[in-house]
Amino acid sequence: MSLGGQEIAPALFLAPMEGITHSAFRRLLSDYGGYGALFTEMLSAGAFLQEKTLESPYTRRRPCEGKVIYQFGASGREDLEAVLRKVESLAPDAVDLNLGCPAPKIRAHGWGVSLAADFPRLRTVLERFRRAWPGTLTVKVRLGDDPERWREGFLERVRLFEDLGVDAMTVHARFSGEKLKRRPRWEEFAWIAARTRLPVIGNGDICAPEDLVRHREAFAPLAGLMLGRIAVVKPWIFRAFAGLPVEPPDHAELWDRHYRYLLEDMPPERAFGRLMDFTYYYAKNFLFGHELYRGVQKARTCEEIREAALRFLEAGPTPNRGTGVSFT
Ligand SMILES: Cc1cc2nc3c(=O)[nH]c(=O)nc-3n(C[C@H](O)[C@H](O)[C@H](O)COP(=O)(O)O)c2cc1C
């Protein structure tokens with residue numbers, strides 16, 4: 001797909017995921033490839049100004065990562081002009097504004113869906129982004145707040161994105177009040193894509209290439225696809241979507257490589273929670289994966305997490321067969 005004049009091929013994106021899509025995880029994905037671009041986790045626009053961005057484990061990028069899109073959470077109270085000047089030193093392939101996160105702490109900051117719902121503030125923030133950032137600008141949205149009456153408000157925002165020169169839009173096909181366990185509304189992609197000239201990237205529970213075949217009509221109008229949790233469970237999954245050969249992974253080796261990458265990038269006290277988060281998803285590869293996760297939950301140090309994880313993974317655990325993974 002063309003994103004702000006640059007070609008993203010394949011049109012496959014790693015979703016921004018707080019606690020997960022730091023540079024060490026992006027490095028792990030780059031060992032497998034198959035994607036077109038990787039999103040950072042959401043970066044607080046305010047905190048970004050204090051960050052040593054070329055060294056920070058969240059904002060630094062390695063050449064092996066390929067195209068990286070920096071996502072920001074912003075309310076408009078920040079010095080956005082300074083943020084966007086500063087991000088230039090990282091040479092982002094695009095900058096993305098988070099308009100879809102519904103978590104209470106994010107709403108309380110006035111970011112995510114709170115910004116999306118406040119039309120005048122949204123306009124001002126986007127105008128400032130567009131003026132201060134000459135490169136590719138994207139947004140990530142949900143469908144809206146009210147499942148009964150969302151279409152008009154959604155289109156009003158799409159017109160705003162078009163008028164202000166946003167280059168593409170990711171649609172996570174759920175409403176603000178819907179948890180990630182709820183079935184996403186893929187059937188809305190076609191309705192949305194038919195009403196905008198912006199490239200639409202579809203997101204939400206896209207777990208296997210077979211999904212695209214089984215739901216061809218839903219996915220055909222999309223310019224690109226974004227994968228989130230499934231890429232944590234199977235960091236090699238983009239290869240399958242890109243039609244590249246997929247080797248069965250050595251799970252213990254993969255888990256340990258991610259551990260090493262993480263501890264190269266950040267001190268153990270920061271790596272600890274991130275190892276937990278990664279292992280929670282990685283455990284879904286196995287029939288008795290809850291035992292893996294339960295084992296690491298007892299750990300008090302990164303080294304103990306490693307011991308527990310490798311004990312499970314080196315014992316040849318039974319894989320979850322088929323596409324296997326369900327987030328519902
Ligand atoms: C642990 C976690 C952290 C997330 N953090 C972010 C974030 O920082 N920014 C964002 O726009 N969405 C965030 N999301 C939402 C994902 O980007 C994505 O929209 C959602 O997981 C649905 O896609 P999936 O079914 O492929 O996982 C997060 C989701 C998860 C599970």
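Please read every residue number as a count from 1 along the shown chain.
Positions of Cβ are set from backbone N, Cα and C atoms, glycine also.
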Among His109, His172, His258, which residue does TrEMBL annotate as binding FMN at the site that also has Gln71, Lys140, Gly228, Arg229?
His172
Quick one: what's DSSP say for Arg229 (FMN binding site), helix, strand or coil?
helix
Neighbour-count leader, CB within 10 A, binding-site residues: Lys140, His172, Arg229:
Lys140
Look up Cys101 (active site, proton donor) in the DSSP assignment and reduce it to helix, strand or coil.
coil
Test of understanding: give the count of other CB atoms lying within 10 angstroms of the CB of Gly228 (FMN binding site).
23
